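Student: Take this structure, written in structure tokens, and hold onto it; I'll ask about it next.
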Amino acid sequence: MERDSVNGKSSLQVEKAEEEAATPIWKIVMVASIAAGVQFGWALQLSLLTPYVQLLGIPHKFASFMWLCGPVSGMIVQPLVGYYSDNCTWRFGRRRPFIASGALLVIFAVFLIGFAADIGHAAGDRLDKTTKPRAVTVFVVGFWILDVANNMLQGPCRALLADLSGGSADKMRASNALFSFFMAVGNILGYAAGSYSHLYKVFPFSKTKACDVYCANLKSCFFISVALLLTVTTMALTFVKEQELKDAADGGEKAQKGKGVPFFGEIFGALKDLPRPMWILLLVTALNWIAWFPFLLYDTDWMAKEVYGGKVGDKLYSRGVHAGALGLMLNSVVLGFMSIGVELLARRLGGVKKLWGGVNFILAICLGMTVLVTKMAEHTRRIDPNGTVLSPTSGVKAGALVVFAVLGIPLAVTFSIPFALASIFSSNAGAGQGLSLGVLNLSIVIPQMFVSFLSGPWDAAFGGGNLPAFVVGAVSAALSGIFAMTLLPSPPRDAKVELSGGGFH
């Protein structure tokens, strides 16, 4: 294959870049809109599934292990799919076959999760038992498939946006801003659906003997999620075409014959040859996600237990979960506005490293504030004459919702700046879009595995609840901010910064 002596690109890649530079913006909008469908499902996972698994009988200290599937699939599936989508020679295109397969798997998975209680009951689970093992088994299988499918969708979607931008800096910025915007739209829709406690009435068949109101609401949310994802994916794959990648066919076959699974050799080679700034970036990113993941895992559970004082399965707990979903919706509104202004704010504050370091301190303060809000909730807890715990005071609820909303500021930066810096620091590595995302993804999923393993037992060791993991997250966020400001090199002023929104698996 011929190489361009200037930038190391093949002649085919140069020709494709010139052709795709003329891609109309409406096609980029259609592909970016898939992020709304994917993120709707993520929002439901983050807001509703941790309480749901406890309703199926899995104790709080083991609930975090359920989330290991996200990091594991993210570490293996997303970079693997990214690599093969870089080299796919199907006549339908490089990215579209993987996007279509991922969407179909998502639909199958959410039906397994939504109907887990019904399937478990039909298979022999007793309703009077706290733990429902058959329902849990179906749920776990569906949950793992869902995370694998979501990772099959995310990588190729981001890579397709880069392909359609054709090397144009303007289109790249526009596509990334649109991707982040649609992520926020998906979050808002997902959290809004999760916060509405009577959604099951739209789908009255969702409530069954084995599936109570909370379960029926989750099931109904998934019905809407499937409809949204199916609509945006079908439209994008129908109207946005790719050209068959013929030039890589022979090279791809030779690589596979010579190595068996060429991806693993390439990704380990990429890690071996990483420049020092990239290693620092991976360290700062890893600490950042050790801070984020406890809150993302237990945010609605914290709202239901510590703030509202509910217990798993009672009405107060359910109200707390819905209030937490409302907080996440506010978080997403802030995230959407902040995503559009990240690049401008970075210039105003003197660079991306200062912005990233600063918002990490905001993250640390917010995680620390969860302790204060919890203590205020306990101090002002009200009980009626019948001994029933009442909802928290308006001041406590407002304080908790402010924490959720303010966290949208650092979350927008987390979804953009690490990808931009990775693009700059590894620009000479010569890897494809999928492989580059795979390397950065390792610094996200490994911390998630660390938190999934330790947060449940850590919380249990300190008397239960979610605060111990939040405190660890606050310390990690502060360290991430310090290292970002002191160790992370500033990118060259003439570097092309391409902000890329993305999920965390």
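The first residue you see is number 1, and the count goes up from there.
Keep in mind that glycine also has a Cβ here, set from the backbone N, Cα and C atoms.
For 25-44, 64-85, 97-115, 174-194, 222-240, 278-298, 325-346, 358-378, 398-422, 434-455, 467-488, the entry in TrEMBL reads transmembrane segment.
Give me the local environment of each listed feature.
Tutor: Among residues of the same chain six or more beyond the transmembrane segment (25-44), those with a C-beta under 8 A of the stretch's C-beta atoms are 99, 103, 106, 110, 146, 150, 153-154, 157, 160-161, 164-165, 171, 174-175, 178-187, 189-191, 193-194, 218, 221-222, 224-225, 228-233, 235-236, 239-240, 328, 332, 501, 503.
Panel annotation: around the transmembrane segment (222-240), residues 27, 30-31, 33-34, 36-38, 40-41, 44, 96, 99-100, 103, 106-107, 110-111, 113-114, 160, 164, 186, 189-190, 193, 203, 206 of the same chain, lying at least six beyond its termini, place a Cβ under 8 Å from a Cβ of the stretch.
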Student: Between the transmembrane segment (467-488) and the transmembrane segment (358-378), do 3 or more CB pairs sit under 8 angstroms, pairs being 6 or more residues apart?
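Tutor: These two stretches do touch.
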Student: By a Cβ-Cβ criterion of under 8 Å, what residues six or more beyond either terminus of the transmembrane segment (467-488) are in contact with it?
Tutor: 277, 280-281, 283-284, 287-288, 290-295, 297-298, 302, 306, 353-354, 356-361, 363-365, 367-368, 370-371, 374, 410, 421, 451, 455, 458-459, 461
